[in-house]
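A.B. asks: One structure coming up, written as structure tokens, with questions to follow.
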Amino acid sequence: MSAVPVSDVHAYLTGLQDNIVQALEQAGGESFRTDTWQRPEGGGGVSRLIEGGQLLERAGVLFSHVHGTRLPPSASAHRPELAGRSWQAMGVSLVLHPRNPYVPTTHMNVRMFVAAARPGHDENDVFWFGGGLDLTPYYAFEDDARHFHQVCRAALDPHGAAYYPQYKRWCDEYFYLKHRQEMRGVGGVFFDDLNEPGFDASFALLRSVGDAFLPAYLPIVQRRRDTPYTQAQRDFQAYRRGRYVEFNLVFDRGTLFGLQSGGRTESILLSMPPMAQWRYDWQPAAGSPEAALAGFLQPRDWA
């Protein structure tokens, strides 16, 4: 029988949260607030957040590690052989909503799930990893999108040439608003149910994705953060943030599962922007920078 080294993953994830928060605090000159919470049914987490900042208008970098004694049938519907096992789930997730409309919003998540072997049974722990990172710009800059995707490709290529194209396509398909017929942003990479290469190789790939976040995103922040903007550009940012809200509340599996299963609402909704706006049948002026964004919201080869 084989046991998954949960403590190694826990140590990596808490270190990743610390590293990202420290880098963002250094970049923005503002401190994250810490909210430590416990889950009555088992486990808890640490939420690090900023609201009303100058660089980051709203941001959350969250770590959670929750566990239970019996995997509920709803969670094992596609793996009925796991029903009744004890389980653990842990991960780091973040969403950053900058104030300047020229700085893109971004999202990153890395996570692991383990269903433990039952005592007295000839079986192994069952694990899988998932995660990804993606970019949601409000104004279209090709060099930003290419940089983000090039870092994603460089993170995955050492693990196999097939990973980046596969995970990039998965991201394009997942972060898609069917009713708007557009992607949420310019994508990135997204994966789930990763365990086939074995624990060590799967965990190494997860670390590569988590470690890619800062080099993928911070150079874009530094490039755009001092770009002057007007209230009209802030209004367009709020309008596009409305699409972010639509995706999260209508399509995002993690948000829907969390809200429907009695998850921690404050953590789940920390992904929401501080302000969003809807306008009836509004269209940007032809040839405007706002209109140019539409060309970024369909799948493209960036790297």
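The backbone N, Cα and C atoms fix where each Cβ goes, glycine too.
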A.B. asks: Quick one: which of SER93, SER271 does Swiss-Prot put in the substrate site with ASN109, VAL110, ARG111, GLY262, GLY263, ARG264?
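C.D. replies: Same substrate site in Swiss-Prot: SER93.
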A.B. asks: Suppose a student reads Swiss-Prot and sees HIS107, HIS149, HIS179 listed for divalent metal cation. Which of HIS97, HIS159 should they find annotated at that same site?
C.D. replies: HIS97
A.B. asks: Which is it, of HIS107, ARG111, HIS179, ARG264: the one of these binding-site residues whose Cβ has the most other Cβ atoms within 10 Å?
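C.D. replies: Answer by Cβ density within 10 Å: HIS107.
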A.B. asks: Could you say which of the binding-site residues HIS97, HIS149 has its Cβ with the most other Cβ atoms inside 10 Å?
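C.D. replies: Highest number of other Cβ atoms within 10 Å: HIS97.
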A.B. asks: Where does HIS107 (divalent metal cation binding site) sit in DSSP terms: helix, strand, or coil?
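C.D. replies: Assignment for HIS107 (divalent metal cation binding site) reads strand.
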A.B. asks: On the DSSP side of things, how many residues of the region 'Important for dimerization' (244-279) fall into helix, strand and coil, could you say?
C.D. replies: 22 helix, 0 strand, 14 coil
A.B. asks: Please report the Cα separation of ASN109 (substrate binding site) and HIS97 (divalent metal cation binding site) in Å, rounded to an integer.
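C.D. replies: Roughly 15 Å, rounded to the nearest whole number.
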A.B. asks: Expressed to the nearest Å, what is the distance separating SER93 (substrate binding site) and HIS107 (divalent metal cation binding site) at their Cα atoms?
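C.D. replies: A Cα-Cα distance of 8 Å.
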A.B. asks: What's the CA to CA span in angstrom from HIS107 (divalent metal cation binding site) over to ARG264 (substrate binding site)?
C.D. replies: 19
